[in-house]
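K.L.:
Marked as domain 'Methyltransferase type 11' by TrEMBL: 51-141.
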Ligand SMILES: C[S@@+](CC[C@H](N)C(=O)[O-])C[C@H]1O[C@@H](n2cnc3c(N)ncnc32)[C@H](O)[C@@H]1O
């Protein structure tokens, strides 16, 4: 069901027809312990009404529902038809644009929105639209995982820097976004304050994974990150020796595969920023 006009194309290429469900499933399986810890820390109570804005494939719908119980209510919205269909297997979900949502003002106790505002061409408009749906005293929780992992090749900081620079160059070319556009995690405190939210707080959760890694972690790191986000996409952005070294470390059947090393330590951060709507 599409209830309002949907935007043509977001900053990072999102459309109603775009489908990256598998990538979202893998990230949520990978980061589930940290995401659930972030949700647990929100102090949700039974009976609360919660919106997951930009719910993707809906994993958080089930996690949020567990906090608010059967007298509570959790609904997700997402622009992508395919993501909404996947989310409906886990909860209630509607296809809509966060800037034009089919809910009355003051509906929600909490709005959870993870890795979404950095996809919007007008993040302030999105945050304003979401804040308008909060009841007095309700909270907006914006989550952002770091755009680049904070550590992947613990034993080779130079190669890691070269790879990160290649990823930035790739995104700059693909989406025409520069360093400022990619650093959304740095801006959420300001976004919440600019929209008049009070009691703004930020907490960062570290996602540490060391060898031996479990199958969900390997699917995300080797599949979603190494193969689908890096891999051959980066060939033209790196010199041949660095590219070959990276590919050896990223290849599960190569003896040099990073995840089999005893010194493998992956680190990524997830920052949750919250703000409260209060009557003036
Ligand atoms: C990086 S994904 C995050 C999904 C989910 N929150 C999660 O953490 O797995 C961004 C999501 O925002 C959705 N999205 C992008 N622009 C949107 C918009 N204007 N309105 C609603 N959803 C949007 C995309 O379809 C995608 O599902």
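Each residue, glycine too, has its Cβ placed from N, Cα and C.
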K.L.:
Using DSSP, how many residues of the domain 'Methyltransferase type 11' (51-141) fall into helix, strand and coil, respectively?
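P.N.:
Going by DSSP assignments, the domain 'Methyltransferase type 11' (51-141) contains 29 helix, 28 strand, 34 coil.
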K.L.:
To what whole number does the mean pLDDT across the domain 'Methyltransferase type 11' (51-141) round?
P.N.:
96
